[in-house]
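The structure appears below as C-alpha cells.
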Amino acid sequence: MPQAYQSELATAIAAVIAASKICRAVQATITADSLEKKDKSPVTIADYASQAVICKIILDAFRNDPIVGEEDAGDLREPANQLFRDRTLHEITSSGTPATTDEMLAWIDSGNHDGTANRYWTLDPIDGTKGFLRKEQFAVSLALLINKRIEVAALACPNLPMGSGSGAVFYAVRGQGAFVIPLDQPDAKPVAVKVSKISDPAQARMCESVESGHSAHDQSAIALEKLGIAGEPVRMDSQAKYGAVARGDAEIYLRLPTRKGYEEKIWDHAGGVLVLEEAGGKVTDIDGHPLDFAAGSTLKNNRGVVVTNGLLHDAVMAVVKTLKFE
Ligand SMILES: Nc1ncnc2c1ncn2[C@@H]1O[C@H](COP(=O)(O)OS(=O)(=O)O)[C@@H](OP(=O)(O)O)[C@H]1O
Ligand SMILES: [Mg+2]
Ligand SMILES: [Mg+2]
Ligand SMILES: [Mg+2]
C-alpha cells in the first residue's frame, strides 16, 4: 500500500524550502527593519514574503485547503507601508515567483482561516522573528491537521548546524517517523531523526526561549537545579528547539508561562510537535495534559509546554509540578 500523505509532504517540504531561501536572503541584508504589529511584536518583509509563497504553493497543489497562518496583509495594505509592501513583492519576484501586488496580498490573506475545518494547514512563516532580526535561530513551520490531529509536518531551521554547514529541514508524517535533509541539498538521502537515549536527569541538556517574556527563566533555573543539571540552559529562538530535542542535541525544552491567560498559538508548535513525537519524544503542557489542537487557532486548553526525549518526561514533570506560575 502506498504510504499516506506523500503528495502533501512533498508540497510542504518544497514550500518551506522556497520560503527559507527568501528568509535567508533577507536576513543577510536586514538591519533591524520591521513593523510593529498590534500585539507589539515585530514582523518583517520576510515574514510576509514567506507566508505569501507558502500559501501560493499549498493552494496550487490543494486548491480548497484552508490555511491558518500567523500573518495577514492588513498592515501591508496601509498606504503608509507602501515601501514595505513593494520590498516584500520584490523579494517574492526575485525568488522566481512572478506576482502582482494584488496576488501577493491575496496569497498572504489566504492564511486567514480560523482552525475550525476538518482539514487545514497551519503556518508560521517565520517563527522566532526576534531571533531572525538578531541574525540567530528562526524556523519556517508548516503542518497539516486532519480531524484536529497533526498528520504532516515540515520544519525548516535555516541556521541550525547541519553536517559541516547549516540549514536543516525536518519533516514527519504521523506513524512514518521523522527525517531531516540539508536545506541546501534537498535531494540528499534523508536521515532518520531520533531523540537521545539519556535517562539520567543530571546528564540532560535543556533549551528554552531567548525572550524571558515568552518563558519564565527564573522557574526553569529552579527546575534545572532540582533535576541536578549543572550546565546552563541553551537559549534558542523558535521551533528549532523542537528540532534540537528531536535529533538528540538536547533532552528537555521548557516553555513556562510568564503571564496569566497567554494562549499558545497552534503555528508556534504544530510542526515541531509532530517531528518531536515521530522522533520518539514526548510533549505535554505543564499540567501533564496532551497539547489540544482541537480548540481552534490557539492551545487554549493548555498552559505552557514541556518537551522531553520521552525517557525523562516523568522526572521533568515531577519537578515542573513544584514550580510556581502566575
Ligand atoms: N507571552 C508569550 N508567551 C509565550 N510565547 C509568546 C508570547 N508572546 C509571543 N509568543 C510567541 O513566541 C514565539 C517565539 O517563541 P520562541 O520560543 O522562539 O521565543 S523567543 O524568540 O526565543 O523569544 C513567537 O512566534 P513568532 O511571532 O512567530 O516569532 C510568538 O508567537
Ligand atoms: Mg510573530
Ligand atoms: Mg511563532
Ligand atoms: Mg512568526
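Just so it is clear, glycine is given a Cβ too, placed from its N, Cα and C backbone atoms.
Taking all protein chains in view, 24 other C-beta atoms sit within 10 angstroms of the C-beta of Glu70 (Mg(2+) binding site). Look at TrEMBL and you will find Glu70, Asp124, Ile126, Asp127, Asp268 tagged as Mg(2+) binding site.
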Neighbourhood of Asp268 (Mg(2+) binding site) by C-beta distance under 8 A, where only residues 6 or more apart in the same chain count: Asp124, Asp127, Ser141, Gln239
Binding-site residues near ligand 3 among Asp124, Ile126, Asp127, Asp268 (Cβ under 6 Å): Asp124, Asp127, Asp268
Reduced DSSP assignment, Asp127 (Mg(2+) binding site): strand
8 Å Cβ shell about Glu70, Asp124, Ile126, Asp127, Asp268 centroid, Mg(2+) site members excluded: Leu123, Pro125, Gly128, Thr129, Ala139, Ser141, Ser238, Gln239, Lys265, Trp267
In the chain carrying Ile126 (Mg(2+) binding site), residues 6 or more apart in sequence that have Cβ under 8 angstroms from it: Cys23, Thr44, Ala46, Asp47, Ser50, Phe132, Phe138, Ala139, Val140
